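Chemist: My questions will all concern the structure given below.
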C-alpha cells in the first residue's frame, strides 16, 4: 500500500481516499480477498489529536460511523479498500488511517485530507468612465473560500507602459468567517487617471488560494474622457461674443463716417 500522501477535498463535494492493496511486482493484478475473515477499518485523527472510527468493513458488511461514507464490498474483495466521503464538510479535515487486516496481517496507510473551498471573485464595476484628475474606487469581492489564508494583489496593465504592481492605491480587509465556516474578504482599488492617455488601461484583482491550481483574476477597464463644456460657460461665452461683434461693428461704422 502507498505511504502517507495529501488529498484536497472540495467543500460540499465528494472525495475518495485511496487505499489499495497490490501484489509485489504485479500492481495491476486484482486480489481475491475473503470478505468474511478479511476486513478494513478507517480512522480519522483530527487537528486536536482526537481519533475516531469513520468506517468499518467486516464480515462482508460495511458499517459507516461517519454519515454518508462508504467502502465498496466488491472493490474490497479485489483489494480496493478506498473510502468515499459524500458532501465533505470542514469537520472532515484530518489524517485518515486505513487499517487492512488480511490473512492475519495488518497493513496501514495514511492520507492527509485538507478541505478546500474555491473563492468566488467579483468586482463592483467592470468598466469605469472617469475624467482626468477625478477619482473612482472599485471593490474586489472574494467570497466563500476555505481555509482562511488568501493573498490578493492588484496590477495595472497599460498599452503605453509596462505592467505594474499596485500597493499604495489599495486597501484589503481582514477575512471574516461566515455562518457556513467559509471566509469573505474585500480589496479596494482607487483609480485617479492624470490624462486621457490612460484611456483603456486595465486593472486586475489577482487572487491566490490553496484551492486554486493557478491564480484567479478579474479586471476592469478605465475609460478616460474629458468633461464636456459646462452649460454656464456656454451661456456666458455666447453673449460676450455677440457684445464684441457689436462693439467692433460700431467702431467700423464710426470710422467710416
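Including glycine, each Cβ sits where the backbone N, Cα and C put it.
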Chemist: Of the ranges 215-235, 236-256, which one does TrEMBL list as transmembrane segment?
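Modeler: It is 236-256 that TrEMBL describes as transmembrane segment.
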Chemist: Could you give me the DSSP helix, strand and coil counts for the domain 'Ig-like' (12-114)?
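Modeler: Going through the domain 'Ig-like' (12-114) residue by residue, I get 8 helix, 50 strand, 45 coil.
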